[in-house]
Amino acid sequence: MATTVHLSSSSLFSQSRGRRDNSISSVKSLRKRTVLSLSSALTSQDAGHMIQPEGKSNDNNSAFDFKLYMIRKAESVNAALDVSVPLLKPLTIQEAVRYSLLAGGKRVRPLLCIAACELVGGDEATAMSAACAVEMIHTSSLIHDDLPCMDNADLRRGKPTNHKVYGEDMAVLAGDALLALAFEHMTVVSSGLVAPEKMIRAVVELARAIGTTGLVAGQMIDLASERLNPDKVGLEHLEFIHLHKTAALLEAAAVLGVIMGGGTEQEIEKLRKYARCIGLLFQVVDDILDVTKSTEELGKTAGKDVMAGKLTYPRLIGLEGSREVAEKLRREAEEQLLGFDPSKAAPLVALASYIACRHN
């Protein structure tokens, strides 16, 4: 039998006002954390800060300030994410979702989505729902990836992992909820902004990127590859893992941005190749950092891939070989941006350099 709950108009107003006040406070707090964390991360890097677009004079006014661009986009994304998950009942699952979704991070995937949309003539508002959807799915994958049955990680973004705070059962549900919310958010928020045929294509692209031919496939092969003898496994095997586990979602982020921005098929394919390169680049650098940085520097447990016996680039080709591969991938990514307006391509050129030179 259904239970009827009667609320007075004043009670409803009070609850609504409380949620609004909490949301405003949360956005302000999140904005402050974003500026501090991104400023720290970007200031410590040797490259990717000030990028000189092709054909521009070498002065401070024409140089592209990637640090400022990244902070501003992250602030916009964080504000949109905060609004997307209000504190409604049941509170526990909403809190678990918000704990990981609003934990900070570099927001590389939504930034890529927005920058790709802007590259082909779109704007931030048009891309934002897709950018948030990609970040929701990324966060979902991190929550599940950290579980004891997967990577069994204790730290993520400098904080205890979701299951350490809310328990394994709630972490599984939080990840599931984010996966569903991603598609709901993208389709509902974009209604009226994006043509239905474009939205259908975007949904298919995103679903394909995370299913059994995408992220899930990469995670499965990654788990199955633990303790394999690196002498008997080639780079092709490792590339398969990371093209699916890491690059697939980055690829989807870029392609969704171009779709939302009304790009051509040729532009979609160029950005797909660009994202594939930076996806592999991201993982090569991640493998390097895992064996060269401390837990404090990374914000997650250092050396856990080595301890788990996982296949990594340094394990297969050494640190120097891994660095050479990273530089090759960075150059190949930049080559895909030739022919675009240099000023609009500047954020993506800078993003490739940022990923190559990051320290955490």
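Even glycines carry a Cβ here, placed using N, Cα and C.
These come from Swiss-Prot:
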type	residues	note
BINDING	Lys106, Arg109, His138, Arg157	isopentenyl diphosphate binding site
BINDING	Asp145, Asp151	Mg(2+) 2 binding site
BINDING	Asp145, Asp151	Mg(2+) 1 binding site
BINDING	Arg156, Lys245, Thr246, Gln283, Lys300, Lys310	dimethylallyl diphosphate binding site
TRANSIT	1-39	transit peptide
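Positions of the features from Swiss-Prot, shown on the structure.
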{"residue": "Arg109", "record": "isopentenyl diphosphate binding site", "contacts (Cβ under 8 Å, 6+ apart)": "Ala131, Val134, Glu135, His138, Leu249, Leu250, Ala253"}
{"residue": "Asp145", "record": "Mg(2+) 2 binding site", "contacts (Cβ under 8 Å, 6+ apart)": "Asp151, Ala153, Gln219"}
{"residue": "Arg156", "record": "dimethylallyl diphosphate binding site", "contacts (Cβ under 8 Å, 6+ apart)": "Ser100, Ala103, Leu142, Asp146, Asn162, Gly299, Lys300"}
{"residue": "Lys245", "record": "dimethylallyl diphosphate binding site", "contacts (Cβ under 8 Å, 6+ apart)": "Leu215, Ala217, Gly218, Gln219, Ile221, Asp222, Gln283"}
{"residue": "Thr246", "record": "dimethylallyl diphosphate binding site", "contacts (Cβ under 8 Å, 6+ apart)": "Gly218, Gly279, Leu280, Phe282, Gln283, Asp286"}
{"residue": "Lys310", "record": "dimethylallyl diphosphate binding site", "contacts (Cβ under 8 Å, 6+ apart)": "Asp222, Ser225, Glu226"}
Using the Cβ centroid of Lys106, Arg109, His138, Arg157 as the reference point for the isopentenyl diphosphate site, which residues of the same chain not in that list have Cβ within 8 Å?
Gly105, Arg107, Val108, Glu135, Thr139, Leu142
Around the Cβ of Asp151 (Mg(2+) 2 binding site), the count of other Cβ atoms that are within 10 Å:
20
Within a 10 Å radius of its Cβ, which of these binding-site residues (Lys106, His138) has the fewest neighbouring Cβ atoms?
Lys106
